[in-house]
Amino acid sequence: MTTIATAAARPTKVRLLVLAAACSLAIVTYIHRVGFATASAEIREPLGLSDGQLGALMAAFMVAYGLFEIPWGVLGDRVGVRSVLSIVILGGSALTAALALVFWLPPKTAWSFGALFALRFLFGAFQAGTFPAISRMIADWIPMDERGRVQGLVWMSSRLGGVIAPMLMVWLFKVMGAPQWPLVLIALLGVAWCAAFRPWFRNRPEDMPALNQAERQLILSGRLARSTSHHEPLPWSRALRSTSVWSLCLMYGCLGYTGNFFLTLLPTYLATHRGIDSNTTATLTSLPFAFGIASCLIGGVVSDLCIRRFGPRWGRPMIGSIGMAVAASAFLAIPWAADVRLLGVLLCLTFAGNDLAMAPAWAAAADIGERHAGALSGMMNMFSSLTAAVGAVVAGRLFGIGSLTLPFIIFSAAYLIGAICWLGVDGSKTLSTPADA
């Protein structure tokens, strides 16, 4: 066989470039998201924000995030993720930068809070399209038995963004001396990503010129259902009758109610209610994400191994349920952790368990959804976002009245319910064929 023939027979690595794009986007997305949570500790005093108002701002983001999940997912399935990601990333970046304008409004007024509320709601509406689009991208570009590790890498990257954001924001606050300009700077990251992504990416591997036949065949052979160039509407009647779909959505709703605490109220809880200084707060906010990096990857890789060993029925649920049970146990102990080091350990264990379930959850959405992966992952994430909004409001109000134990009891119970819901998720039953109904 000639050198040219050998090269042609060896699959190209274009799908790895697609993976790199998804991972870098996850980093940018979480820098934007966690960046505001970190900034909230700095902006609450000059803007006169109470615990309840901070909780309402976090809820505004999550409600919009939840309401727009399915529309963005359906649109991504219809027009392709290339266009959707361009819109949501540029829109979200513009809204992040626009937060700086609030500081020119009179502080401690309905005007300043109303503007913040509107910007956070709109930001959530735009960011809602990110991960459903990534899920559809993975369903189109990645074979089924590689999706767990790929989702693990994507969510590992998001956690890396969560590690970077608090340290970066605290440093920028000290260097720049004003809380608004760091928000403008991190907004530019989204613009840079979009400029690098859009020129080369194509929605389907069949349309990518750089892909050789060997890689194209590798991708297509790893699908349960062949991707089509035309949009096929989500079979809603089939989805709403599916035990797997409901179990997946309810499980992820529990995960959202609890895990959102780390993205929103944790810095305020540590600084205001535990009396921890800003540097230690930044460290304790970042450390769980560092553990999440490893846990996301482990969850994805091990769930792929379980898929090969036990099949799609139990491959994802085994790992996801274990992770949520671990998180429930650790979260329950947090109110009684008087030592800062023990508190840090429990936060890390909780988030490690939380993130052990992340990659299997999104891989299961791609497994079950296949060519409807964008819409199904949007539906799943909608449940998560709406319950996260409820969690932010409930925990914020309870913290505000001095109840520092009850929120964690509720969080722990939600994790346990989610672990049970995992048992109903069956990745062997897809939405692509009537026989799977």
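We number each residue from 1, going along the chain as drawn.
Any Cβ shown, glycine's included, is placed from N, Cα and C.
A mean pLDDT of 85 is what the model gives for the domain 'Major facilitator superfamily (MFS) profile' (17-430). Taken from TrEMBL, the feature domain 'Major facilitator superfamily (MFS) profile' applies to 17-430.
Here TrEMBL flags 55-75 (among others) as transmembrane segment.
Taken from TrEMBL, the feature transmembrane segment applies to 87-105 (among others).
Here TrEMBL flags 111-131 (among others) as transmembrane segment.
As annotated by TrEMBL, transmembrane segment applies to 152-173 (among others).
Marked as transmembrane segment by TrEMBL: 179-201 (among others). Same-chain neighbours of the transmembrane segment (179-201): 17-18, 21, 24-25, 28, 31-32, 35-36, 39, 42-43, 46, 82, 85-86, 89-90, 92-94, 96-97, 99-100, 102-103, 165, 168-169, 172-173, counting only residues six or more beyond its ends whose CB sits under 8 Å from a CB of the stretch.
Look at TrEMBL and you will find 245-266 (among others) tagged as transmembrane segment.
Residues or ranges marked as transmembrane segment in TrEMBL: 286-307 (among others). Within its own chain, the transmembrane segment (286-307) is flanked in space by residues 34, 144-156, 158-163, 165-167, 262, 266, 314-316, 318-320, 323, 344, 347-360, 363, 427, which lie at least six positions past its ends and keep a Cβ under 8 Å from the stretch.
Among the features that TrEMBL reports, transmembrane segment is placed at 319-338 (among others). If you look at the transmembrane segment (319-338), the same-chain residues 6 or more away from its ends with a CB under 8 A from one of its CBs are 251, 254-255, 258, 295, 299, 302-303, 306, 346-347, 349-357, 360-361, 364, 404-405, 408-409, 411-413, 415-416, 418-420, 422-423, 425.
Residues annotated as transmembrane segment in TrEMBL: 344-366 (among others). Long-range contacts of the transmembrane segment (344-366) within its own chain (CB-CB distance under 8 A, at least 6 residues past either end) are made by residues 131, 135, 138-139, 142, 144, 147-152, 154-155, 159, 244, 248, 251-252, 255, 258-259, 262, 266, 283-284, 287-292, 294-300, 303-304, 315-317, 319-331, 333-334, 337, 373, 376-377, 380, 415, 418, 422, 425, 427.
Among the features that TrEMBL reports, transmembrane segment is placed at 378-399 (among others). Taking Cβ pairs closer than 8 Å, the transmembrane segment (378-399) reaches residues 51-52, 54-56, 58-63, 65-67, 69-74, 124, 128, 131-132, 239, 245, 248-250, 252-261, 264-265, 268-269, 272-273, 361, 365, 406-407, 410-411, 414 in its own chain, all 6 or more past its ends.
Taken from TrEMBL, the feature transmembrane segment applies to 405-425 (among others).
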Task: Contact ranking winner - 55-75, 87-105, 152-173 against the transmembrane segment (111-131), Cβ under 8 Å - done: 55-75
Open item on the list: Checking distant contacts: for the transmembrane segment (87-105), what same-chain residues at least six beyond its ends satisfy Cβ-Cβ under 8 A?
Closed with: 25, 28-29, 32, 35-36, 39, 43, 46-47, 72, 111-112, 115-116, 119, 122-123, 126-130, 133, 178-181, 183-184, 186-191, 193-194
